[in-house]
Amino acid sequence: MHDVEDHEGTLVGMSESRAPYDEQQRAPYDPMPHGPEEVGVGPWEGEWPAGDQWDPELLRDGDRRNVVDRYRYWSLEAIRADLDTRRHGFHVAIENWQHDFNIGTIVRSANAFLAAEVHIVGRKRWNRRGAMVTDRYQHVRHHETAADLAAYLHALPEPVRLLGIDNLPGSAHLETMELPRRVCFLFGQEGPGLSEGAREVCDGTFSIAQFGSTRSINASAAAAIAMHAWIRAYADLESADGGVWRG
Ligand SMILES: C[S@@+](CC[C@H](N)C(=O)[O-])C[C@H]1O[C@@H](n2cnc3c(N)ncnc32)[C@H](O)[C@@H]1O
């Protein structure tokens, strides 16, 4: 299978190109990825609510997007602004040398767990297919090299440590280590794993324990485990606003 570009300039695998992913069809009313089409809510009934967060088109036509109920009928900009008020202290970074299909699904998990920012290292264009539009609610930055990413993180007003995630010799164990609160998780690609350049600039690496015969788990699965380890350590599950995180 080789990469081709769809009409949006997004690289997709050859087999996916037969069913081109139409950004326009979903935008900005991204549908649910699975299940019946008629999900979400129909047109707003009764007098429209007042406030900047409401999207007139959604109020008029209904909101079928894959968003938690709390954000029904909110504009994309209003949702992103609200998320900005309570983003978590961890960042997520992914090496992008081969347009790895996992990148999109990692971005989706980064949205679900509310990462501060997402960083793409290497090639600028990345395969958005698995992101299911979640990238629009995130701050996604591009860095040419892992060294550029490390420099960016270290220069933030509250510096962020860059930890590589890979099952490399000498890696710490996620299961027993204390995760830093201000941290960026850097994931490698299927096949090569973390590049040499990335390993050199990381402030450390850690691995996720495995017990079977496979050398590694899928990068996106590893990313979800790492992010959730941070959630277990630091997230405020009660949230000041009556548990907004539950949607
Ligand atoms: C398929 S793995 C790469 C290959 C792997 N280094 C190997 O020896 O075969 C792709 C990425 O998933 C993540 N990953 C997979 N399994 C992992 C594990 N057990 N611990 C930490 N990261 C893992 C890492 O970010 C890695 O760079």
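Just so you know, glycine gets a Cβ as well, placed from its N, Cα and C.
TrEMBL annotations: computationally assigned, not manually curated.
Here TrEMBL flags 1-34 as region 'Disordered'.
Helix, strand and coil counts from DSSP across the domain 'tRNA/rRNA methyltransferase SpoU type' (90-228) read 43 helix, 34 strand, 62 coil. The feature domain 'tRNA/rRNA methyltransferase SpoU type' is assigned by TrEMBL to 90-228.
Restricting the average to the domain 'tRNA/rRNA methyltransferase SpoU type' (90-228) gives a pLDDT of 94.
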